[in-house]
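For reference, TrEMBL has these:
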- Asp157: active site, charge relay system (ACT_SITE)
- His234: active site, charge relay system (ACT_SITE)
- Ser563: active site, charge relay system (ACT_SITE)
- 44-122: domain 'Inhibitor I9' (DOMAIN)
- 148-598: domain 'Peptidase S8/S53' (DOMAIN)
- 678-773: domain 'Subtilisin-like protease fibronectin type-III' (DOMAIN)
Amino acid sequence: MSATMGSSLQMKKNGAALLFLFVSLFSIMNEHYLLTAADPKSNVYIIHMGQKQHEDVKLLKKTHHELLATVLGSKEESKRAMIYSYKHGFSGFAAKLTKTQAQTVSELPGVALVIPNQLYKVQTTRSWDYLQLSSRDQTHFEQKSKLGNGAIIGLLDTGIWPESEAFSDKGLGPIPSRWKGVCQSGQNFDGAKHCNRKLIGARYFIKALEAEYGKPYNATEAGDYLSPRDSSGHGTHTSTIAAGSSMANRSYNGLGVGTVRGGATQARVAMYKVCWSLPTGGICAGADILKAFDEAVRDGVDVVSVSIAADVPSFHEVDERSAIAVGAFHAVAQGVVVVCSAGNAGPSPQTVQNASPWILTVAASSVDRSFPTLVTLGINWTTTGQAMFTGSETGFIKLAYPEVSDLKYPRDCKSLRENDTWAAGSVVLCFTSSFKEGYIEDTAYWIRKAGALGLIVAENPTRTLYSCSDDFPCVQVSYDIAMKILYYIRTTKSPKVRISPTKTHDGRPVSTNLAYFSSRGPSSVASAVLKPDIAAPGVNILSAVSPSDPKTKNAFAFMSGTSMATPHVSGIVALLKTLHPDWSPAAIKSAIVTTAWNSDPSGEPIFAEGETMKLADPFDYGGGIVNFNRAADPGLVYDMGSTDYIHYLCSMGYEISAISQLREHPTSCPTKRPSILDLNLPSITIPSLRRATSFRRTVTNVGHVESRYKAVVDPPQGIRISVRPRLLIFNSTTRAITFKVTVSSSHRVTTGYYFGSLTWTDGVHSVRSPISVRTEIKVFS
């Protein structure tokens, strides 16, 4: 129940002896009973009385009735007003009260909270409900995490729109005392005015970019602001996903109606603007990024969320040009978790970015939401495509296809241009196999200039929708549907089509896919380190953005990308940091990876989009789709510290001088080079298995002190795996245990990757490590 009405009734009270409570209430009973007639309007309120004092549910219910009766005047009135008595998870009740009565109840000893009830509709961008983190019915661990209260999320992005209601500080307490950051003034941004108890810090970094271009940045010409203010909306969007305040009944022109909110609604936000608008697109200079990391760690953030990636992995971790890897290394050494996007270069393999083992790297999945759009042909045959068309129904209009006589040069979507006068007054059907970002939006722009009234695009199945103009339909259909439409065009003298406005559908039968654009593993930098680590919703995510009209306070839009997936995980990390402030970044990463969903939350398999649809594997989504409620209580974790990462760098064969430079003081590697397979990762990846190979892992018990875990192995095809010991026994003196894994292959030829898992289970917890193995047979000795 994170969302409440604008009332002063949400206040904490100290408990008191039950006898004192009854005496006090009796002495004021008549006074408050007389107020009822003068304040007749009543609503439902939830009265929270804190932890149960005993397990006698009948006595608890009787106590609730007696308490309410002292305000309403009789037990009969109490029974009439009471709706629910909460007596299992906590002590409290729901009742229909006037505002005055509710205020009176809130002032009574023993009452912790009085919360006005709210009516809820379809939830947020759907993503948090999809991840089973509902704003209506908070889980045990959500409640314990206090929705991230006290945690600080730093975002390296394009800035922030501070007037958005997403950054309202209503209901928040004082800024955490450890915060050392600032709110930096600049163009259209007043540091004294625009920060509050929610947006507690905002800075901008541009000196390196200006130095690169050799001249001052002309923000006006670029359509940006020389300040922390966000012009593109990207940083505002990601900040809202991570920690935005709850905003009910929001949508994008009627699509996706629900409550827009962040994962950690009570966490604080600090924006570090490092990316700037240029004619060539958004640019972020590496040195600016490093400076932002440095300041963020000093300022006191708990999490750094980085929705930034390069085009291709071109630098190693010890290279200063690898700004994110280097900045993240120092942040993690200080106990700050760094969450980064995997990149949008999918679906080709080895495209994953931000692949250092100390980074939590996030892939993008869809959620169980679709945007069905009816397409009706002139023969009264109706099919369904996907779009974000919020205009009026088109009525029946001409349907056209760009026929060509020379089959050597078939015209697909990318060939459509404004000189295609034949398209005027028509809805145009075209085919494409391109996954290039912005490709269809460009096509829609040119064909509309030619006079077209709409576009139907045939493509590989994908959930990512195009952001064409609201009044210009860009409907996506599968190839088989498109071929039926094409047959109709070719066999009909005057083909016509009608396109209806888009609707929103949540839940089954919509399944989960790994987004086509999400960059894939294996890592090209260190192939024995599984990347990405985890997946989260990143397709068609509704969130707050910068308004096109600066006078507008709130604006919302759908965006897709691993940029949107990353803050989902950052918000969950903030919750985990609140629950487990003593956990290291590696422990938090382990908890997230080993407890993830391998099927979607409804139990259906997860498919990966691409040239063909296939079952997703660890190179698509790492451990799976993030699952906060299990990560909050993982049982065991694979922990690491700075020394482990230094050994990793040594195992990679980097020069000691380069490693020392990264660490900023002299460093030596062990005499015997460490094996990268001994790095205590929550996953196992063997890119070149030539002979039987053994390595070790260590798990630390973070659950019940007295615990017994047994190993359950699901080996990759043709791979033999033994684990010793197979039973781990933890007690008050044994919190960490090392085990040995031996892997061998029965394959006689070089193979591709096969996948499996190693799970430690105590019957309650399942600590699952994904396994990826490729057999390589040497041709020459």
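Cβ coordinates come from backbone N, Cα and C, glycine included.
What you see is a predicted model, and the numbers here were worked out from it, not measured in a lab.
For the pair His234 (active site, charge relay system) and Asp157 (active site, charge relay system), the C-alpha distance works out to 7 angstrom. Distance between Cα atoms for Asp157 (active site, charge relay system) and Ser563 (active site, charge relay system): 10 Å, as a whole number. Ranked by how many other Cβ atoms sit within 10 Å of their Cβ, the active-site residues Asp157, His234, Ser563 place His234 at the bottom. In this structure, Asp157 (active site, charge relay system) is part of a beta strand by DSSP. In the predicted structure, the domain 'Peptidase S8/S53' (148-598) carries a mean pLDDT of 88. Remark: secondary structure over the domain 'Subtilisin-like protease fibronectin type-III' (678-773) totals 1 helix, 60 strand, 35 coil, with classes taken from DSSP. Look at His234 (active site, charge relay system): DSSP puts it in a helix.
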